[in-house]
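Inspection log for the structure reproduced underneath, given as structure tokens.
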Amino acid sequence: MVCLLIFCLDLAVKSYLIGWDEFRKGKWLIGYTVVLSFSIIDWVLSVSMVCDERLRVRRLLRPFFLLQNSTLMKKTLKCIKRTLPEIASVILLLALHLCLFTMIGMLLFAKTDDPKRNGEWELHFRDLPQSLTSLLVLLTTANNPDVMIPAYSLNRGYAVFFVTFSVIGTYCLMNLLTAIIYNQFRGYLLMSVQTSIIRRRLGIRAAFQVLGCRGEVQRYADVGHMDREQFRKIFDELDKDRIKEHPPLPQYNSPVLQRLQMIFSHYYLTILGNAVALANVMCICTVLVLNSEKSTAERDNFLLEIINLCFILYYVFEMCVKIFAFGWRGYLSYRNNIFDGFLTVLLLVTLDPSSHLMSLWEMIRLVNMLIVFRFLRIIPDIKLMALVASTLLDLVKNLRAFAGILVVVYYVFAVFGIWLFEGAIKPPPEMSVISNTTMENITSNFSMECGTYEQLSYWSNNFDDFASLILLYNVMIVNNWQAFMEAYSRYTSDWAKVYFVCWWLTSSVMWVNLFVALILENFIYRWDRSHSCSVTDVERIRYETSLQLIFKEQIQEPTEEELTCQLHQHPHLHLH
């Protein structure tokens, strides 16, 4: 209720500020009002029923509050809507391809008088729904080669049918779908950026005109004048992120200290540190291989402790000499040094033998994990790895809107899944016993077919609570997703397949391809920019990566005539 009151206050402020005429034109604001009204009514019903109702409509409406507060999410939704017709055409082609091969498969693998030759019919092509499901799963390669083994065992020529289906569907049509999504989304982003640039140039031009009309130019005439182009460039500079400059090195009077400072600030010290980190990781790997078959009590941890102690002492030495060479402020101005220093201090604290918080083996395991994690320090020193890592970091910054919509989609399907399938599959009462037994015992306790939900002990993957998000993730990955679909269709009805197919189309077909398209666009831009740069320049250009700069070469700047015309046509701006 507190949340709903905040939303009501937000809506009231927005409607007051923009006025009733503008409010009626805003589809999102009208939707905001409708959704908020339904949510309040549903909340009142919940309270009147003492929160004992099974169905709460407002759960499905909650994502709207997230979407309507993000302009970029709205643009992304418009882009997806614009891309849907092209996606639908390829999906229809996929459906035609699926139906055609389903009919051919049912004709090829029809039931015969010889029971020995009916394996393919019995397992995969018994009827139309089973045939469609088998080939749909094959389209995702999740049941390959299981789906063709019964027929292939009888005649190897049957492999032509399955290979042809996979080549056309998986490798042609599915990749064509990726290309369409990439092209359409890139086109929409370009159009959106173009519109944003025009709107921004118009705003800057209007600000310049307003300042000139109000006499601000005459007031500061003695300081100097600024033309329109100079005024615009100020905002372009303010758009860029700040380039971080490293503080100067500390000054030492002693020639010996100056010589040491030159040595310890050299790039070769970083290379030596990377080589030492690699040697440390190799030592850990060697010890792990030698002790892989030994229990915790049988392991000789003393040698590994001595090895780690020697390396940690070097890490402390490296940290100290870098602080000496660069100074505290200079040392902390490098991200790599912050990463190294934090892990080095953490290693020293973890290696304390007087600590009673964990056993010796747990302490060694934690130290080894930190050392392996510290090895990531080599990434900025290798150009291609630095490029890939910076692309990933930039995706985190620029893809917040897409991640937000993905959260919304996950949330909606999880709520629907709980409504439809909560309590549909009950784990066996001896589940606690099964979890402590061997795989042989599990197999002997169940007479289920190999690869099914029950035989694989997927009991924890269910729709009984909001952890169904993990089940949806597993289906999105499409590895063994047919086990979930087949199980829920058995325990409920065959219509459960519609839910899983819709989620596969939404997540794996559409959203994953959209994500791939965005990664491609971001990486191609970075690759073109940094192909001739050095290792240190790769991180330096990161500050100016934005949608405007990605499409810099394709963007057309508005002309002076276009800006002047739009300024005079603006309903709320009256310039003379």
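Placement of Cβ uses the backbone N, Cα and C atoms for every residue, glycine included.
The structure displayed is predicted, hence computed values, not measured ones.
Looking at 198-217, 338-357, the range annotated in TrEMBL as transmembrane segment turns out to be 338-357. Contact between the transmembrane segment (498-520) and the transmembrane segment (158-182) holds: at least three of their C-beta pairs are under 8 Å, each pair 6 or more apart in sequence. Between the transmembrane segment (158-182) and the transmembrane segment (87-110), the number of CB pairs under 8 angstroms, six or more residues apart, is three or more, so the stretches are in contact.
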